[in-house]
Amino acid sequence: MEATILTNRPHFPKPPTSQSNLRMKVDRTNLPVLPPPPPSSLPHDSLIDHLLQISSSSSAQGPNNHRKPISTQNSKPKTKSLQITQKKRHRLKNSDTGWDDDDELAFMPPRCKSMLNSIVHEPLSNLNAFFDTVKFELTQLDFASLLKGLDVSGNWEKAIFLFEWLVLNNPHNTSKLGNQVIEMMALILGRESQHSIASRLFDLVPIKDYSLNVQAYTTILHAYSQSGKYERAVSLFEHINENGPSPTLVTYNVMLAVYGKMGRSWNKILGLLDVMKKRGLEFDHFTCSSVITACARDGLLEEAKNFFADLKSQGYVPGTYAYNSLLQLFGKSGIYSEALAVLKEMEESDCPPDLVTYNQLVAACVRAGFHEEGAALIDTMIRKGVLPNVVTYTTLISGYGNVGKVDKALSLFNLMKESGCVPNVQTFNTILVMLAKTSLYEEMPGIFREMESYGCAPDRITWNTMLCMCSVRGMRKHANRIFQEMKNCGIEPGRDTFNTLIQAFGRCGLGSDAAKVHDEMMKLGYTPCVKTYNAVLYALARQGDWKAAESVILDMKKKGFKPNDKSYSFMLQCYATGRYVRGIEMIANEIYNGHIFPSWVLLRSVFLANFKCRSLMGMERAFQELQKNGYKPDLVVYNSMISICSRNKMYIRAHEMLDLIQKSGLQPDIMTYNSLIDMYASAGECWKAEEILRRMQKSREKTDLVSYNTVIKGFCRKGLMNDATRIFSEMTIQGIRPCIITFNTIVAGYARKGYFTEVNDVISYMIENSCRPCELTYKSVVDGYCKAEKYDEAMDFVSEIRKMDNSMDQFVGEGRRRESTGISKNK
């Protein structure tokens with residue numbers, strides 16, 4: 001007879017509520033304290049409160065502690081592409097009687113100077129009320145001079161407030177809004193890069209009723225471009241072409257960027273380039289960059305390379321800026337080999353790589369799965385005198401986070417701070433996204449506190465991350481609250497915010513709410529884009545509704561949008577969830593035949609879709625294509641290969657994958673070890689399964705419940721119950737709480753061997769420690785009795801279940817039915 005389950009059985013953290021008549025002696029001293037179960041829900045409200053606290057403290061630390069109608073906090077350097085020159089501004093001395101005489105204010109009449117003095121002494125929070133009290137005096141002044149005076153004196157924010165007040169309070173009387181005033185505001189807003197404010201204000205002004213200079217028009221076009229209001233930009237550009245003035249090279253460059261951001265506009269870009277050639281305008285680095293960036297957004301690799309080659313054939317000498325744009329194209333596509341070729345061409349052309357060059361190379365490495373090679377570029381940069389900046393580190397942190405290497409990402413984050421590189425809000429956003437994806441919500445409050453210590457105010461992306469969390473968890477109430485709080489904090493929702501909300505409500509099955517978000521987005525001037533369609537596809541992918549997803553793809557193409565790698569990835573997920581292997585094969589064939597660009601993201605998605613459908617042939621082909629295109633499979637790919645090989649008893653191939661992991665510089669993780677343990681346990685080689693468990697313990701990977709359950713399963717299947725209970729004891733000593741699967745495995749093992757006394761002990765032990773047996777537990781016992789041809793004992797056991805566990809009345813009823821039918825007949 002085998003030994004009982006445990007000689008000295010460890011107990012769970014909770015003491016038993018009742019004493020059962022166990023035949024085993026239990027040592028109740030030195031009981032291990034097992035970890036409590038994980039929290040059942042995500043503390044959304046707590047995280048939102050942290051975010052609101054940072055937002056309020058960031059406002060309090062600003063120069064003006066108040067809520068402003070227009071947010072002008074994140075002022076950026078002047079935009080080179082608009083070629084707006086910033087005049088040197090001097091803060092004028094003031095006295096009790098007014099402004100001192102100064103050449104800078106010589107253009108202002110005395111009455112304007114007096115009003116200027118009053119406005120400057122008013123805090124921003126009181127300006128609107130002040131303007132209301134002096135409304136009559138303002139209408140008598142030269143408005144253009146007053147605005148210019150505020151700007152020259154360094155009070156450009158107050159100039160914007162004054163302009164907004166005039167627009168909002170005089171909607172039917174725009175006599176003060178002459179060409180000069182509009183041009184002045186365009187200059188200020190463009191110079192300070194206040195694009196969002198500019199687009200809002202100029203939406204309220206009938207711009208087409210004015211005859212502005214080309215610089216003002218170009219600034220407004222750029223503001224629309226930066227704010228995502230592309231249709232308004234196109235409409236205004238058509239007005240300029242019809243009514244003048246003649247667009248400059250800068251204007252055309254801005255419109256090239258607009259068409260590039262809109263997507264599906266390659267023909268329009270080509271037409272605009274033809275117009276520029278006919279007008280004799282020579283393409284500059286901004287032209288080249290805008291066209292290549294547009295190609296990068298639409299995945300037009302060949303078009304970009306042909307355009308670049310054609311420019312060079314016409315005598316154009318690319319500079320670092322142009323080469324960097326080409327690197328960005330290959331970086332977004334994850335074409336590591338092409339990126340290295342561009343770097344080589346730069347070096348051969350005596351065009352020195354700069355910080356942006358290396359950052360694009362890092363991005364290419366990350367996208368192609370070469371994370372360690374990307375990290376090694378940091379040493380190369382330092383050696384060549386180029387210091388990595390926040391973009392360098394953030395790109396690598398994002399790359400590690402995307403493949404689940406949270407520890408490496410956080411280590412790099414610490415290295416970044418130690419090197420003196422100050423993280424910005426994008427860095428913190430990247431880490432928050434990573435923590436949300438890996439469900440490490442308890443770490444997020446610490447990141448929020450660190451954001452506050454660095455003075456990083458949450459931006460739209462931060463709030464979008466919180467919305468994404470609600471999308472993942474399907475919590476409508478929290479999504480609505482986050483959206484409202486975001487607007488209350490003065491953060492204007494952008495196209496990405498609306499896309500995130502559509503995705504969130506779509507996943508929750510709230511089609512009407514998603515439609516309302518879409519309507520609000522349209523009212524604010526945001527037209528749907530590829531990301532909007534991708535948000536819908538993402539929601540459908542979770543449901544596996546591949547027929548609806550196919551109609552979305554058709555609608556995209558019908559409206560001129562080109563699906564990108566994310567679109568096809570979500571489509572593949574949709575097919576995989578719906579178990580429609582034919583759909584996966586159709587997209588895979590388009591990729592393999594060259595009709596869709598084989599990016600690392602897309603080939604990886606093909607691989608994982610086949611894995612989900614257990615298609616070994618499809619996985620092997622995708623794995624070969626990854627290697628053929630020079631991409632580096634990540635640990636998820638390798639682990640999936642080991643898992644499928646284990647299922648198909650392809651042990652040699654599984655070990656080949658393990659060797660490839662080590663040769664590629666990766667380290668096996670918990671999924672790798674658990675897959676190997678399962679492979680050996682399923683093959684009946686339980687001692688080798690335990691050997692992998694020991695190797696896992698020696699490595700840095702921490703064993704988990706799955707690891708121990710799988711080894712226990714292997715021993716139980718072989719009938720080695722002493723070894724199974726030995727592993728069980730070790731697991732509890734390690735602080736890992738057994739689950740129902742653990743006990744069911746042991747119960748089934750004892751039942752198969754006919755050790756029913758031990759079975760009863762285990763079941764009593766389960767109930768004593770608040771792990772109630774389930775129907776499968778009892779069925780295993782009944783099956784064991786029947787296989788041992790102990791039918792009377794089986795009927796007695798069924799009858800006694802209610803006494804042992806009063807929660808199993810339903811099973812008892814079923815047992816009685818079986819008693820009168822199947823069991824009696826077998827007997």
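The backbone N, Cα and C atoms fix where each Cβ goes, and this holds for glycine too.
Because TrEMBL annotations are produced automatically, they should be read as predictions rather than curated entries.
Residues annotated as compositional bias 'Polar residues' in TrEMBL: 57-85.
Residues annotated as region 'Disordered' in TrEMBL: 1-23 (among others).
The region 'Disordered' feature in TrEMBL is assigned to 57-97 (among others).
Per TrEMBL, repeat 'PPR' is recorded for 213-247 (among others). Within the chain, the repeat 'PPR' (213-247) has long-range Cβ neighbours (under 8 A, six or more residues past its boundaries) at 79, 81-82, 84, 179, 182-183, 186-187, 189-190, 195-196, 198-199, 202-203, 207, 254-255, 257-258, 261-262, 494-495, 525-527.
Looking only at the repeat 'TPR' (214-247), the predicted model's pLDDT averages out at 87. The feature repeat 'TPR' is assigned by TrEMBL to 214-247.
Residues 81-83, 214, 217-218, 221-222, 224-225, 228, 230, 233-234, 237, 240, 290-291, 293-295, 297-298, 300, 303, 311, 316, 529-530, 559-562 of the same chain, all 6+ positions outside the repeat 'PPR' (248-283), place their C-beta atoms under 8 angstroms from a C-beta of that stretch. The annotation repeat 'PPR' is assigned in TrEMBL to 248-283 (among others).
The annotation repeat 'PPR' is assigned in TrEMBL to 354-388 (among others).
Annotation comment: TrEMBL describes 389-423 (among others) as repeat 'PPR'. Listed by sequence, the residues of this chain that lie at least six past the ends of the repeat 'PPR' (389-423) yet keep a Cβ under 8 A from its Cβ atoms are 355, 358-359, 362-363, 365-367, 369, 371, 374-375, 377-378, 381, 430-431, 433-435, 437-438, 440, 454, 456, 634-636.
The annotation repeat 'PPR' is assigned in TrEMBL to 424-458 (among others).
As annotated by TrEMBL, repeat 'PPR' applies to 459-493 (among others).
The repeat 'PPR' annotation in TrEMBL covers 494-528 (among others).
The repeat 'PPR' annotation in TrEMBL covers 529-563 (among others). Residue counts for the repeat 'PPR' (529-563) under DSSP, split into helix (H, G, I), strand (E, B) and coil, are 27 helix, 0 strand, 8 coil.
According to TrEMBL, the feature repeat 'PPR' maps to 634-668 (among others). Using a Cβ-Cβ cut-off under 8 Å and counting only residues 6 or more beyond its ends in the same chain, the repeat 'PPR' (634-668) has close neighbours at 369, 372, 403-404, 604, 607-608, 611, 614, 616, 619, 623, 626, 675-676, 678-679, 682-683, 699-701.
Residues annotated as repeat 'PPR' in TrEMBL: 669-703 (among others). Long-range contacts of the repeat 'PPR' (669-703) within its own chain (CB-CB distance under 8 A, at least 6 residues past either end) are made by residues 635-636, 638-639, 642-643, 645-646, 649, 651, 654, 658, 661, 710-711, 713-715, 717-718, 720, 723, 727, 734, 736.
Here TrEMBL flags 774-808 (among others) as repeat 'PPR'.
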